[in-house]
Amino acid sequence: MARRAVGGSGPQGEDFSFVSPLVKYVLFFFNALFWMISMVMVAVGVYARLLKHAEAAMACLAVDPAILLVVVGILTFLITFCGCVGSLRENICLLQTFSVCLTVVFLLQLAAGVLGFVFSDKARGKVSEIINGAIVHYRDDLDLQNLIDFGQKEFSCCGGVSYKDWSQNMYFNCTPLNPSRERCSVPFSCCLQDTHQAVINTMCGRGMQAMGYLEASAFIHTNGCIDKLVNWTHGNLFLLGGITLGLAVPQLVGILLAQILINQINDQIKLQLYNQQHRADPWY
């Protein structure tokens, strides 16, 4: 009678399944959402790359926002593809791949945050290196140019350490042999904002590197963006913590749902094997 209860119309009969439809489809739609977002990211990144001239495109691959968008989009696409198909097809291999990849990404983010906090001086040096590289390629990439201009206007800063860092750019270089019309200048985004000015004067930074700090400060922001960025980070730790938590929660939810579904699929496989082994039993 005990065997009949196991294989008959009881809770573990032929129609019973350990796999919860709620867990399965929540995980599927969770991944489908990010899967579509990743495809949009890749499409936008590829489109942005195709719009650029070949020479400019090859000159600054390391600091190209479009490349970063494509790389992040492809990684997200591959991870969420495993999650989508794995949950829909109840494939343990794909679900394990999704879970492991998501765990690695989460741990890398956590390690980057901890290392950035512990080794703040080295992190500052790396940020300085990135900003200086972006300054060098300012005129080579329109996306990078717009990004730098946006940052300098938002943080009211100019250059990396100071406005004279713009001499690293071949167009703004202050050497007497530089034939550029922008020699010794800085981008217009360094200029002090005039709220009453209807048209932006893009030549407002002309010749500013030839001036001293006190003289130039009447026209442009002389402080570098590195110190401004560091000060903004220290003053917005709660905001950054909230953003980090907002990024971490979906990852942890995805990992948790994937592991729950994997355990349910394993239980279902065990149940099917049990039923197959006892199907020939006359008491089953």
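Each residue, glycine too, has its Cβ placed from N, Cα and C.
Counted within 10 Å of its Cβ, the other Cβ atoms near Cys158 (disulfide bond) come to 26, all protein chains included. Residues or ranges marked as disulfide bond in TrEMBL: Cys158-Cys174.
The transmembrane segment annotation in TrEMBL covers 25-48 (among others). With a cut-off of 8 Å between Cβ atoms, the residues of this chain six or more beyond the transmembrane segment (25-48) that come close are 65-70, 72-74, 76-77, 80-81, 83-84, 87-88, 98, 143, 250, 253-254, 257-258, 261.
Residues or ranges marked as transmembrane segment in TrEMBL: 60-88 (among others).
Taken from TrEMBL, the feature transmembrane segment applies to 94-119 (among others).
For the transmembrane segment (237-262), the residues of the chain that approach it from at least six positions outside its boundaries are 19-20, 23-24, 26-27, 30-31, 34, 83, 86-87, 90, 92, 95-96, 98-99, 102-103, 105-106, 109-110, 113, judged by C-beta separation under 8 angstroms. Under the heading transmembrane segment, TrEMBL lists 237-262 (among others).
Panel annotation: around the transmembrane segment (60-88), residues 24-25, 27-28, 30-32, 34-35, 37-42, 44-46, 48-49, 52, 94-95, 97-98, 101-102, 105, 130, 133-134, 137, 140-141, 143-144, 147, 254, 258, 261 of the same chain, lying at least six beyond its termini, place a Cβ under 8 Å from a Cβ of the stretch. With a cut-off of 8 Å between CB atoms and residues at least 6 apart in sequence, the same chain places Lys164, Ser167, Arg183, Cys184, Gln209, Ala210 near Cys174 (disulfide bond), listed in sequence order.
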